[in-house]
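Some notes on the structure that comes next.
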Amino acid sequence: MNNIVVDYVVFGLLIVATLAFNIYNNVSGPKEKTKADYVFASGRAVSTWAMLLSIARGFLGVRVFLGYPSELFYRGSEMWETMYGMCLAFPVVAYCFVPVYFTLGITSVYQYLDLRFKSRLVRCLASGTYVIRNLLNLGVTVFTPCVALKTVIGMPYWMSIVGISSIGIFLTLTGGLRSAIMADVIQGVAMIFCSIIVIIQGAVTAEEGVKTVIKKSYDRGRLDFFDFDLDPTRRVTTITALVGQFFISLSLYGCQQNFVQRYLSMKTQEKVTKTLWLNVPFMALLMSLSWVVGMVIFAHYSDCDPKELGYINDIDEILPFYIEDKFVFLPGFLGLTMACLFNGGLSFLVSNLNSLATVIWEDFLAHLQPMKNLGDTKQIYIIKATAAVLGIFIAGISFFVSYFSGVIESSMLMTSATSGPLLGVFLLAMFVPIANWKGASVGMIVSHIVTLWITVNSLMMEKPPIAYLPTTIDSCTNQTFSQHISPLDLTNRTKYSALPDLVPTTLSNTDENDEEFREQPYNVNELDLEIKETKIDDFMTALYKMTYMYYALFGTAVTVLVGIVVSYITGTDEEYRYSDDLIHPMVKKLCSWLPGKQSCFEIDSPKTKSVPVNEKIDLSNQKIKLQTISECYKNSAFTAENTLPIPNVIKS
């Protein structure tokens with residue numbers, strides 16, 4: 001049987017197997033009777049390891065599987081160091097964000113902002129940002145594997161997009177969060193398996209084995225770590241990887257619905273903390289696998305770059321090309337890899353469709369008059385219908401993306417740009433007791449305007465393309481690549497087409513300009529104004545050149561600073577009275593030690609800390625009975641029937 005036929009058969013069987021496994025799992029397991037069962041998978045036990053892989057897969061998607069090997073081959077290991085910031089974010093999320101979420105019994109993470117600031121405006125700003133960003137991001141994510149599928153096995157764009165979207169909608173309708181988690185697990189295991197096979201095969205067949213793999217990458221500058229250059233305009237250094245990725249990861253893992261939804265589906269806060277700590281080594285291992293795959297590929301093609309010879313068009317095609325070239329002896333492995341890419345887009349879609357539909361229902365639709373007071377069954381139907389509509393809309397975005405170039409890089413920039421305002425408003429809510437809804441709203445809006453303005457100007461600015469590390473074709477022979485592989489159309493391609501333009505296209509005539517300049521009248525005030533304008537222009541140019549890795553940090557700082565200033569100016573005593581469960585316990589304790597005006601309260605509800613997810617209480621409908629400041633001091637140990645003792649006070 002022809003290898004390509006075997007690849008198609010394997011590809012089809014794996015897609016069917018993924019679908020069948022999820023159908024069986026949903027049919028054989030307990031039925032989803034409540035909204036909590038669908039949104040949080042509360043009626044079924046989800047193992048720590050399944051949750052671990054699902055959280056890790058939420059970031060390590062198709063672009064990582066395809067992008068990291070090509071990044072190492074053509075640009076080196078700089079992006080590998082983003083692992084530092086990502087791994088540092090997990091314990092911070094575990095101890096700073098989870099303790100607040102887990103006590104409230106919320107369905108949407110943005111519901112917390114409504115409780116804290118008593119403002120639907122802040123809630124809608126945050127959830128709207130999440131919805132728009134994820135819709136655009138999912139459109140790009142669904143399209144990304146379609147490029148490789150078309151290049152390698154000839155599958156048309158429309159077929160891949162329709163296939164991924166249709167199966168994703170089906171799994172979301174039938175399985176809820178449980179299906180999303182299982183799709184992540186299957187996809188994660190498949191990607192790990194493919195990566196390990198490529199690494200073993202590449203190391204065994206390389207001259208001198210593992211030693212050659214490491215030596216070639218090191219000697220050719222592919223393993224340059226620990227660059228502590230503070231220049232903020234450089235794409236990636238150790239500093240930008242650590243600091244920039246830390247804030248991006250905090251926003252993703254601490255403030256995004258799809259991740260918080262997974263935390264709240266676990267039975268206890270201790271289990272969430274354990275899972276996040278386990279994610280530190282697990283994420284480092286999964287990230288490193290893709291980079292080691294890049295080292296293996298470089299060991300084989302270091303002296304014969306397939307892109308320079310015209311065998312591939314884009315650097316991200318290097319992994320599929322390597323498998324097609326070197327795995328002729330293993331029929332079906334290319335089909336397995338393509339199935340991984342297909343399932344990668346599928347699992348990411350299922351994961352996010354569930355969360356997006358939940359946010360749209362909880363933060364927008366549920367507050368419309370006809371939708372109020374609906375039972376759980378009707379709510380589930382509406383969430384599922386919303387997910388189906390979103391899936392169709394995302395497919396449309398993917399078709400639109402297929403007609404444009406450079407969209408993936410733009411998507412990464414937009415993700416980083418919108419991470420800052422989201423993270424900033426949650427930091428205000430949890431760690432700044434004086435923050436009010438006016439400060440939070442203005443801070444988010446200003447941060448969005450500033451960061452998006454910088455992003456757009458950065459995209460419009462003429463900048464030199466990101467430089468590739470040197471590659472060569474000096475050692476290419478007729479036996480370098482498998483005989484069944486042929487190069488792309490090399491029409492209009494020359495031997496030196498990859499060389500940079502070393503001479504500027506235009507030169508100013510200095511002699512003529514000098515004579516004309518000397519005849520101009522000399523005005524000190526105009527010259528001073530020009531110098532000031534030049535300094536401003538230089539500052540703005542430097543701001544536009546800032547690496548997108550810092551956009552999240554910049555946006556967070558703007559949100560927090562503007563939010564604090566506006567809150568301080570506009571704050572009232574009434575806005576400083578809220579449940580102490582709505583700020584971080586550490587801040588609550590710190591405030592109790594500081595002098596100043598105090599506010600206190602009580603909540604007519606049972607204790608909600610560490611309550612199982614299916615019994616959690618929505619605090620938005622609870623009555624809060626406020627006391628005067630004098631009553632707080634006189635009655636510090638006050639208790640009443642069916643009420644909690646007065647918690648620690650919050651100072652403003």
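Any Cβ shown, glycine's included, is placed from N, Cα and C.
Here is what TrEMBL records for this protein:
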- 6-24: transmembrane segment (TRANSMEM)
- 45-68: transmembrane segment (TRANSMEM)
- 88-110: transmembrane segment (TRANSMEM)
- 122-143: transmembrane segment (TRANSMEM)
- 155-173: transmembrane segment (TRANSMEM)
- 185-204: transmembrane segment (TRANSMEM)
- 236-255: transmembrane segment (TRANSMEM)
- 276-301: transmembrane segment (TRANSMEM)
- 327-350: transmembrane segment (TRANSMEM)
- 381-405: transmembrane segment (TRANSMEM)
- 411-432: transmembrane segment (TRANSMEM)
- 439-460: transmembrane segment (TRANSMEM)
Residue numbers, six or more beyond the limits of the transmembrane segment (276-301), whose CB comes under 8 Å of its CB atoms: 48, 52-53, 55-56, 59-60, 64-65, 68-73, 77, 80, 83, 86-87, 90-91, 93-94, 98, 188, 192, 195-196, 198-199, 202-203, 205-206, 212-214, 216-217, 220, 222-223, 253, 318-319, 322, 326
Distant-in-sequence neighbours of the transmembrane segment (185-204), which means Cβ under 8 A and at least six residues beyond its ends: 14, 18, 21, 50, 53-54, 56-57, 60, 65, 210, 213, 286, 289-290, 292-293, 296-297, 299-300, 319, 322-323, 326-327, 333, 336-337, 339-340, 343-344, 346-347
Contact call for the transmembrane segment (155-173) and the transmembrane segment (88-110): at least 3 Cβ pairs under 8 Å, seq gap 6+: no
Dominant neighbour of the transmembrane segment (411-432) in 6-24, 122-143, 327-350, 381-405, by Cβ pairs under 8 Å: 122-143
The transmembrane segment (381-405) and the transmembrane segment (122-143) contact flag, 3+ Cβ pairs under 8 angstroms: yes
